[in-house]
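Visitor: The structure is given below, and queries will be raised subsequently.
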């Protein structure tokens, strides 16, 4: 197939074209990004250095924090730098790389959240066999499945996009490169391809969301004969995960489970699931988890002690 395109770069509209608001955007998203990096890396360091946090749940949480770090980094730095640029330019290859990064890390996180729900199910419904079932080798395999799934999803999406004829215009009505805004710039009819993107992206969101719902329905049914105290204790194990699932899945389903249409609210939704959710994940897991908070305090005391020495 011959690659036909005249466009070598794209111009991003950004979040706002108001100079004052662009300065506000710079400050706000720089702070958000710094909190995201520090929070997620703190989780990674805390779990990897603490012997008390060696269960499969924390193994998965480490990988979730790593994914959140790189996922946010696929769009936040460009948005921050562009806040001071009158003309927000991104090369064709850079645009495709950004779209690819967004989809590989986003899809991997979706699958990993589903894996974490299955871990939660085993912990609550089969506690006596938990360590036997959730062996370290199985945990590694499940994380590998998440990454392979994300890789296949993103690769299929981008291979269909990179060969499309972009003849102009080259102005993307977004602050980052994403498939739906890009498809609006293609010189041919993209209705069929748009349906494929919706099916591919929407399917991975919806399928994993349904698996999550089924997992929690089974968990709730298994707890119906337990005491109220027992139910509360069991559910507290997974409530943080439920919050993260809702925060991440609802915006993704809203954006991708529809035809090739872009709405004014899409940019705000994209900010939420690419920057706000990765920032909130460490907060959600830390505030509701006494073991993580205790490990962070021990890590901090160890650092203070070493500094004093």
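Positions of Cβ are set from backbone N, Cα and C atoms, glycine also.
So Swiss-Prot lists the following for this protein:
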DISULFID  95-187  disulfide bond
CARBOHYD  6  N-linked glycosylation site
TOPO_DOM  1-23  topological domain 'Extracellular'
TOPO_DOM  48-55  topological domain 'Cytoplasmic'
TOPO_DOM  78-98  topological domain 'Extracellular'
TOPO_DOM  119-137  topological domain 'Cytoplasmic'
TOPO_DOM  157-193  topological domain 'Extracellular'
TOPO_DOM  218-233  topological domain 'Cytoplasmic'
TOPO_DOM  257-267  topological domain 'Extracellular'
TOPO_DOM  288-309  topological domain 'Cytoplasmic'
TRANSMEM  24-47  transmembrane segment
TRANSMEM  56-77  transmembrane segment
TRANSMEM  99-118  transmembrane segment
TRANSMEM  138-156  transmembrane segment
TRANSMEM  194-217  transmembrane segment
TRANSMEM  234-256  transmembrane segment
TRANSMEM  268-287  transmembrane segment
Visitor: Per 10 Å Cβ neighbour count, which of the disulfide-bonded residues 95, 187 ranks highest?
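Guide: The residue with the densest Cβ neighbourhood is 95.
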Visitor: Counting only pairs 6 or more apart in sequence, are there at least 3 Cβ pairs under 8 Å between the transmembrane segment (234-256) and the transmembrane segment (99-118)?
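Guide: Per Cβ check, the transmembrane segment (234-256) touches the transmembrane segment (99-118).
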Visitor: With Cβ-Cβ distances below 8 Å as the criterion, list the same-chain residues six or more beyond the ends of the transmembrane segment (194-217) that contact it, or say none.
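Guide: Cβ under 8 Å, 6 or more out: 103, 107, 110-111, 113-114, 117-118, 120-121, 149, 153, 156-157, 160, 179-180, 183, 238, 242, 245, 249, 252-253, 256-260.
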Visitor: Does the transmembrane segment (138-156) make contact with the transmembrane segment (268-287) through 3 or more Cβ pairs under 8 Å, each pair 6 or more apart in sequence?
Guide: no
Visitor: Note down the number of other Cβ atoms within 10 Å of the Cβ of residue 6 (N-linked glycosylation site), including every protein chain shown.
Guide: 10
Visitor: Mind looking up the mean pLDDT for the topological domain 'Cytoplasmic' (288-309) in the predicted model?
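Guide: Result for the topological domain 'Cytoplasmic' (288-309): average pLDDT 74.
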Visitor: Compute the C-alpha separation of residue 95 (disulfide bond) from the residue listed as 'N-linked glycosylation site', stating it in Å without decimals.
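Guide: Residue 95 (disulfide bond) and the residue listed as 'N-linked glycosylation site' have their Cα atoms 15 Å apart.
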Visitor: If we skip the immediate neighbours and take only residues 6+ beyond the ends of the transmembrane segment (99-118), which ones have a Cβ under 8 Å from one of its Cβ atoms?
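Guide: Residues 57, 60-61, 63-64, 67-68, 70-71, 74-75, 142-143, 145-147, 149-151, 153-155, 157-158, 161, 176-179, 182, 201, 204-205, 208, 211-212, 215-216, 238, 241, 244-245, 248-249, 252, 273-274 contact the transmembrane segment (99-118) from elsewhere in the chain.
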Visitor: Would you kindly give the Cα-Cα distance separating the residue listed as 'N-linked glycosylation site' and residue 187 (disulfide bond), rounded to the nearest Å?
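Guide: That comes out at 10 Å between the alpha carbons.
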